[in-house]
Each structure stands twice: as C-alpha cells, then as structure tokens.
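Here is what Swiss-Prot records for this protein:
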DOMAIN    4-242  domain 'ABC transporter'
BINDING   G40, S41, S42, G43, S44, G45, K46, S47  ATP binding site
TRANSMEM  271-291  transmembrane segment
TRANSMEM  526-546  transmembrane segment
TRANSMEM  583-603  transmembrane segment
TRANSMEM  607-627  transmembrane segment
Amino acid sequence: MPLIELCNIRKRYPAGDQDVEVLHGIDLSIEAGEFLAIMGSSGSGKSTLMHILGCLDQPSDGEYRFSGQPVTAMDHDQLAWLRREMFGFVFQSYHLIGTASAWENVALPAIYAGVPREERKQRAQQLLTDLGLEDRLENRPSQLSGGQQQRVSIARALMNGGKVILADEPTGALDSASGEAVMDQLRSLAEQGHTVIVITHDAKVAAHADRVVEIHDGNLISDTRHHDHLHERAKPVSAPPKESVMPDPGEVMEAVVMALRSLRANWMRTLLTLLGIVIGVGAVVVMLAIGEGAKQDVVAQINERGTNLLVVRPDRGMQRVADGVIATLVPADAQALESLPNISIAVPEISGNVTARANGMDISTSVQAVSEDFPSLRDWQPVQGIFFGEEDLKSYSPVAVIGQTVKENLFPEGDPLGQFLLLDSIPFQVIGVMSAQGASDRGEDQDDVVIVPLSTGTLRLFGQNYLNSITVAVDDVTQIDATEAAAVALLTQRHGKQDVRVFNMASLLEMVSETQNTLTALLGSIAAISLLVGGIGVMNIMLVSVTERIHEIGIRMATGARQRNILQQFLTESVVVSALGGIVGVVIGVLVGWLLMLFGMAIVFSVPVMVVSFVCAAGIGLLFGFAPALKAARLNPVEALSND
C-alpha cells in the first residue's frame, strides 16, 4: 500500500466571478522511504501540490489517501496531527519565528506534541548539534546566515520524527556550497528511512532524488525513476487518532510562557494595553472604596446616636408661640411616653443659642436643657466631674456641663470644675466636662455645647415650657415600628390631634444605607465603564497583534498547531495582559486610596472588591480576546504562511 496516494486531485481558486483551476487531475503514488523530486517551472502548480501533500491546503476535488486513510475526510485536528507527527517542512524562506532562538524554533513542533520542556530542549539542541550548529543554539534567526537558517528548518522538520520531509525549494535562497550541503543532508535523511519530497525548479537539485516527477501547467507530464528500490529502513506510519478536546495542563503553561514572551517582545504596545485595564480596575477599587467609606462614615454617626431611638418633634405646621417655638410638646409628654411598653427612657430637650462668658472671654454657643437620663440615652459621659441628677432638676440648680470646645475657648488654661460662666448673663456653675464627640453628620461641632437641667433651662434661659424634641430609647428594636405607632397614638390622644412627627433612627439608617449603596453602585458603574473601555482596547490591540503575526500563525500551523492551540495562545495573551493590568490596577487603586486618606477622606477598602475587580479584568481579557483569537485560529495555513 502506498504511503501517499493522490487520485484525480484538482485545485481551484476563485478569481472574480470564475474559478481558476491550477491542478488538473493529478494522480500520484509515493511509497514510504522514497526520495522524490517534484520539478516544475514557476506557476506550474508544484507548490500548490506540496501544500496539499503536507495537509496545509485541501484539494477542490479528488481523493488524497495517507497510509490508506482518506485525508479529505479528516477534521482540522487530524490534519494538524499529520502535520505534527508525520510531516516536516523545509521552506525556501525558512519560515522561522524571529523572536525565538534557534533551539526554540526547532522545538516548536514538540510543544504541540505535548513533549515536556526539558526533553524537547535536549532533543532540539542535539538535532542542531548533529547539523553543526552547536554554537548557535541561542541565536535568533536574524543572527544566522541563510544556510544556518535552513539547517535550523531541517532540524525543526525532524523534531517529531519527520517521517515525511517536504522541502520546498530548499536551496533557492542559498549559495551553491550551502545548497549542496542541504541536499546532502536531505539525501542522508532519505538513507535513514525518511520519505523525502523535494519541490524544485532546478534539474540539478532534482538529480539528487531517486525519482523525479515533472509538473507543467498543473499536469504531471513525466515520472522518472533513477533507482527502482526503496531504502530498507523505511519507517512505518499510522493513521491519525481522534484527539481530546480538553487542553493538557502543560499546553496551558506553555501558552502562558509564549504569551509572556510575545508581550515582552512588544512591550510598548503591551504597556498601552495594560493602561486601559489599569485605569479601569484602579477606578473600580477607588470609587467603591470612596462609596463604602462614605457609607460607613454616615452609618457610624447614626449608630453613635443609637439605632434604637425614636425622636419625637412638633409638626412644623402647628401653632407657634411668640419666640418661634412650636407649642406642642411639654415635659409631661416625656413622662407619658416612658409609661409605654418597650420604652426605657424618654429624654425631653429644649435647645437654643446663647452667648457664654467666662474669664473675660465671650463665645456664641448652643445650649441644651435636658433631663438627667441624657448621658445614658446618648452614650455620652463626662470625662471630668459629674452630670447633673434628678435632685438638680427638682431644685432648679444653676449648674452646667460643658463640651470640650467650650472648655478650650473659655477655660484654656485652668480647671473649669467649680467655676462659673454666664449664659446670656445668667450664672451657671460648671460641674462637668463631656468627652469629645467631634463633628456631626451635618458637619456641626458637637462639643460646642453647654448642657443644663431641663427645669433650670425652661425657667431661667428660655422662659417657656415647650420642647424642641423628645428622644425615646426602645428596648426591643424589632418592635420599634409598633412602638412608634403607639407613641403617635398616645400623643394624639393627649393633644387631641396629631401634631407631632416621629423620626425612626433605624429606618433612617436603613434609608441612608440604601442611598449610599445606590451611590456606591453608581460610582462602581462609572468605573466599570472605564474597565469596559479598557476591554475594548484589549480587543483592538489583539486584533492588531493577530494581523501582524499572521505569518507566525502560519508557521505554528505548519508545525502541527491545532486550531485550539492558536485560539488558546491568543486568548492566553489577552487574559495575561488583562490579569497583569488587574494586579497593577488594584495596587494603584490602593495607593490612590491611601493618598486620599491622607487628605482626610473616608476610604474603606474591600478585599472582595479587589478580588472581583481582578477576576473581572481577567474575564474581560477572555471576553474581548475571544474574537481576535478565533480569527487567528480560523486562518488558512497556506494563506497565513504567504503573509510575510
């Protein structure tokens, strides 16, 4: 049974509205171990015939059998298996990858055969040594002469065994001495049992072969044998197997290595591609950190006031007394509210602004007249002295507890305890200093305050008994809504109408949290758009990369790369560059966040956000890299090789 059998092979190419046929019914049989030359002038169809023989192209009509197996019925992976395991190509233009060393070019077919890196490196170096290139192992093609490059090409053809060597004008770009050396090497391979097929226009080159087939205008016109016997060591061949669609882990790692090499070779383009992803990921990290910081800041301030609180205020539409206070709430209402189930404390409050004077200094500050339960309600205790008690309220004691700001302004050097200050010319004795609170959620200084007993304030400072608010603490927060309804009902009954409004701090916290979550989502969406734009940039750059590397893709396909290998390689490059951008983006986002923290902005980083941002960056590389990678994988090997 012939190793190669062509029956009525025709090949047509589209030319406008018509097809041009370049091979006209070729019939050819080649036995294993033959040294055959296919000779013809330029345009005779000999290169097209070689492409069909080497499974780089498919015939338009006819039947091609390899080792009895119908090649025309094989799928892409089986054709790649034949190119990888059976054929070895020696091209006139060498077709070496410019960014790879000599041994790496030779080892290329073994990558797609799944040979471990060290094993293929040793074999590649041994092949080059056998061909006299032991001192050129690390040289790139640009550092080699034409003859040396052709020997690298021969070594590559032998990397996986090269049972069939297809040499297309192997001496065409060489001087006579180098050309003769190459033909001697091909003769030696034939003597070792390889099937050698040389494509040439030169009769002197064809004379080295045992059999010469001449082609003219797409027709075989002669078939001459110089020797009638085959070499005794002709190598047996097998049919291509069905291959697994699952990639080998070694293939993935090799794809990563090749991706890093390719990205390093075009570092400026890689940097520009990274920039879009870096900006997108960094923006996501910073924006969400700002949003989360703002949310937690507001929530913390609400929590400081207590989420178990109900604040009862007069309805703004109610009647006002002469000084503008709404005449609705009175201290007795607070006592009534304390009688309700689930209410532990009810603190009445009157507040206003006064001029405070002490030690010859005047300041404008706020004053709060409250009951003795105020520190417990607000979880705000004195750090010096004491807070007034029930007896002080009963006796209308002229005592005061001051905030830290008032202390610093009126008593900058001395101990304020026991000293007097005037509030609108009314003397009060300082009995305590509250702990520092800082600014409120509205930016107000909570330490710029003087706190006095409610009874004293109503009598001596405000001259009226109507309250600004009553703050209620509930025992069971899960029942806070029911307690709120009960409070409104009680006060409506007492006043004969509904003239109050109740502010639920738990509901306020929930509302603020939802608002902040919406704001954070908005900020994240804006940042995600930047990441999306970065992904489009990745796709554009990868499309450019595919266009620039069509020739390299052709070389890889000729040496046995499957479509999935090409797809995997370009997808890996896209994912690697996006993942690198994701890592750098996270780092830069954290650095920018820390910088903003130095300026007092509330920033809260989230590790899950960083992880998700990185994963999204890699996912964007996968998503936007798929179209360019698919384009590369679907290239025709012959067309890709001719794109130089």
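Keep in mind that glycine also has a Cβ here, set from the backbone N, Cα and C atoms.
Features recorded in Swiss-Prot, as mapped to the structure shown.
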residue: G40; record: ATP binding site; Cβ neighbours (10 Å): 23
residue: S41; record: ATP binding site; Cβ neighbours (10 Å): 12
residue: S42; record: ATP binding site; Cβ neighbours (10 Å): 7
residue: G43; record: ATP binding site; Cβ neighbours (10 Å): 12
residue: S44; record: ATP binding site; Cβ neighbours (10 Å): 21
residue: G45; record: ATP binding site; Cβ neighbours (10 Å): 23
residue: K46; record: ATP binding site; Cβ neighbours (10 Å): 25
residue: S47; record: ATP binding site; Cβ neighbours (10 Å): 20
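Sequence-distant contacts of the transmembrane segment (526-546), counting only residues of its own chain at least 6 positions beyond either end whose CB sits under 8 Å from a CB of the stretch, comprise 262, 266, 269, 272-273, 275-281, 283-284, 286-288, 553, 570, 573-574, 577-578, 581, 613, 616-617, 620-621, 623-625, 627-629, 631-632. If one looks beyond the transmembrane segment (583-603) by at least 6 residues along the same chain, the residues whose Cβ comes under 8 Å of a Cβ in the stretch are 274, 277-286, 289-290, 293-294, 296-297, 610, 613-614, 617. Averaged across the domain 'ABC transporter' (4-242), pLDDT for the predicted model comes to 87.
A Cβ within 8 Å of the Cβ centre of G40, S41, S42, G43, S44, G45, K46, S47, the residues given for ATP, is found for these other residues of the same chain: H201, I215, H216.
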